[in-house]
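Participant: What TrEMBL shows for this protein is this:
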- 43-60: transmembrane segment (TRANSMEM)
- 47-464: domain 'Major facilitator superfamily (MFS) profile' (DOMAIN)
- 97-117: transmembrane segment (TRANSMEM)
- 124-142: transmembrane segment (TRANSMEM)
- 154-173: transmembrane segment (TRANSMEM)
- 185-205: transmembrane segment (TRANSMEM)
- 217-237: transmembrane segment (TRANSMEM)
- 283-305: transmembrane segment (TRANSMEM)
- 325-342: transmembrane segment (TRANSMEM)
- 349-369: transmembrane segment (TRANSMEM)
- 375-399: transmembrane segment (TRANSMEM)
- 411-429: transmembrane segment (TRANSMEM)
- 441-463: transmembrane segment (TRANSMEM)
Amino acid sequence: MVSDDSKEFRGEDMKIEVATEEQASAETPGTWFMEEKRLIRKLDRRILPIACLLYLFAYLDRSNLGNARVLTGTHDGKPPLPTDALGGDPTGILFDWVNSAFFFSYILCQVPATVLSKLVAPRIWLACAAIGWGTCSTLMSTGFDFGGLMTTRVFLGIFEAGFGPAIPLYFSLFYTKEEMGLRMAYWFGFAAVAGAFGGIVAFGIQNAVVPFSNWRLLFIVEGLPAVCLGILTFFFLPDRPESTHYLNEREREIALARMNRGTSGDVGAVVTKSHITMAFRDWRIYVGGVIYFALNCSLASTSAFLPTILKTLGFSSARVQLMTVPPYAVAAAVIVLGSWISDRLQSRGIPIALASVVAGVGYLILLFVPSNLHARYFATFCITSGTYTSIGIIIAWFAHNLGSETKKATGIPMFMAIGQCGSILGSHLFPSTEGPRYIKGFAVCCGLELFGAVCALIMTISYRIDNARRNKLYGVPKEDARVDVAELADKAPTFRYII
């Protein structure tokens, strides 16, 4: 059955009367509060399952190379990906390039793709992205040489570039700054779930008896569901609050009032060119990119090389796939808890710094405790929990602090694109020739995690100073009042940053 959201909407043909906080306060507070809570539950029921499952399969499809690298057929001894398609790859360099090819196209396409997404209905844009990357991942099973694998990975990056940065922008249309951290944690937490789920799937697939290499079956099993989910997204994901037919008129009124708390939203398909320029001139976006660079270096190396690192602890290839599950499962729980605390305190910089330090301590253990297997395995929990928590919170941080929709559509992919350069570095830090200690890789990731913590503290101090200066010049604004960001974005006198 096709949902009503399949109807086309043109923002310029529809005038919306945006409910203000004054309108809300004129009603019985208890009535508005209860209706708002019902609306949040309704949005969560529809938006979160689709968005989280999309990210689950997006992350599976970008990170399953790590499992394919060590996936050998249990019953018939079919070779893993490097032996089967890369001529053995004794140095690990070819695998590194296949892994990092995704990030080159992903980085280059993020900013134009996210700005362009504002001109297309969200359900259509995100559905096409999912169908595209799912198809590319499935086609990786047909790769028989270095060139074929590189090509599919490049196109995988192009399609995923239209998804990752667009989700924080999409969430900001429906959720307030007090709710964004937890929702981003649910969404990004599925990257950790994907790590755990991917290990379980790989364990099962290596025991399958098929007429071709087992790693090829892995790409098919993890690629086709994204295509199917993309089709469902087209029919069931709500469009913008002012245009979606998933909400009735009363719910739309409440949703629009929520979208204009502490900021203000656009109506329809609008791009403000001056805000694009403002984003490129905002130094905080570049510092955020440095933090994201540090985190993504660790994230990319962990997702691609955790099975390899665990193998150095003495586990068999079969057990390695299962041993990757607990660190990711714990990380999924920690990111939700950390983001909930961040929302309650309305603080982002300090939680990011603390989580990054935890990850840095994990790398220090791997560097200086070479023989204690229990301590080294514990270190992987620190790394995954600290890194994933920091990434989820920093995305929520910029989802509010950039002010206008256009600046978010430019600034979010900007800092993400800078950060994804860290993924390229992370893809080259653990060549086979440096095992089993991998001293260089652990040392680089440790240093970057701690440097990211320092940058987060600098950011939070700068936001505190800016808020205090505006309070002194313009007075303390009414909490959650509508702020006109149409001209100045986050530089509007009554706009206040989350610290």
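We number each residue from 1, going along the chain as drawn.
Cβ atoms are placed via backbone N, Cα and C, with glycine included.
Automated prediction, rather than curation, is the source of TrEMBL annotations.
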Participant: Is the count of Cβ pairs under 8 Å between the transmembrane segment (185-205) and the transmembrane segment (411-429), pairs 6 or more apart in sequence, 3 or more?
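Facilitator: Between the transmembrane segment (411-429) and the transmembrane segment (185-205), which are separate recorded stretches, there is no contact, as judged by 3 or more close Cβ pairs.
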Participant: Are there residues at least 6 beyond the ends of the transmembrane segment (375-399) whose Cβ is under 8 Å from a Cβ of it, and what are they?
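Facilitator: For the transmembrane segment (375-399), the far contacts come to 168-169, 171-172, 180-181, 183-185, 187-189, 191-192, 195, 285, 288, 291-292, 295-296, 298-299, 302, 306, 309-310, 313, 323, 326-328, 330-332, 334-335, 338-339, 342, 348-349, 351-352, 355-363, 365-366, 369, 408, 411-412, 415, 445, 449, 452, 456, 498.
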Participant: Could you pull the average pLDDT for the domain 'Major facilitator superfamily (MFS) profile' (47-464)?
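Facilitator: That stretch averages a pLDDT of 91.
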